[in-house]
Amino acid sequence: MNPEYDYLFKLLLIGDSGVGKSCLLLRFADDSYLDSYISTIGVDFKIRTVEQDGKTIKLQIWDTAGQERFRTITSSYYRGAHGIIVTYDVTDLESFNNVKQWLNEIDRYASENVNKLLVGNKNDLTSQKVVSTETAKAFADELGIPFLETSAKNATNVEEAFMAMTAAIKTRMASQPAGGAKPPTVQIRGQPVNQQSGCCSS
């Protein structure tokens with residue numbers, strides 16, 4: 001056991017490009033916000049250590065690029081993830097409709113019992129909101145996953161989202177048998193992931 005922390009959890013932020021994943025990560029990890037944020041190329045991650053129920057938990061949070069062309073890169077990052085935050089933009093109906101597609105990605109690549117959280121970001125833009133809280137909540141309830149609306153800009157529910165996810169993972173880990181520290185997460189269907197992708201040579 002590492003003396004610096006009791007748990008190390010790997011979290012993923014996924015969702016369409018432009019929904020504010022990087023802004024959520026910046027707000028939670030650094031408590032900062034940038035109005036103009038460069039689109040994430042590939043994958044970026046930040047670390048924040050939190051205290052919960054007397055335990056020190058190190059969170060390694062990966063910000064995956066939302067663009068279709070990066071799918072092959074990010075698929076390998078699903079494996080080993082303890083929790084996945086699926087993000088959409090409350091002012092962009094298409095990003096909400098694409099949540100189903102992202103959940104399919106999770107089913108395909110992530111471990112079976114991974115924790116999920118649906119997050120509707122940019123909730124500060126009330127006049128531009130097109131995805132109602134009721135619609136999103138009903139959708140999340142149907143799937144049996146927790147749901148929160150956030151604003152990275154004014155920090156609404158950002159801390160709550162990450163801490164709720166952390167608590168859910170910790171509860172799940174505690175309920176696993178002692179020998180279950182390495183659950184059978186690597187069920188690779190399809191080709192091996194170590195193919196060289198020429199993402200930088202285009």
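Using the three backbone atoms N, Cα and C, a Cβ is placed for every residue, glycine included.
Range 37-45 is the one annotated as motif 'Effector region', of 37-45, 73-81, 109-117, 145-153 (source: Swiss-Prot). According to DSSP, CYS23 (GTP binding site) sits within a helical segment. Within the same chain, the residues at least 6 positions away from LYS153 (GTP binding site) whose Cβ sits under 8 Å from its Cβ are CYS23, TYR33, LYS122, ASP124, listed in sequence order. In this structure, the binding-site residues GLY15, VAL19 were compared by how many other Cβ atoms lie within 10 Å of their Cβ, and the smallest count belongs to GLY15.
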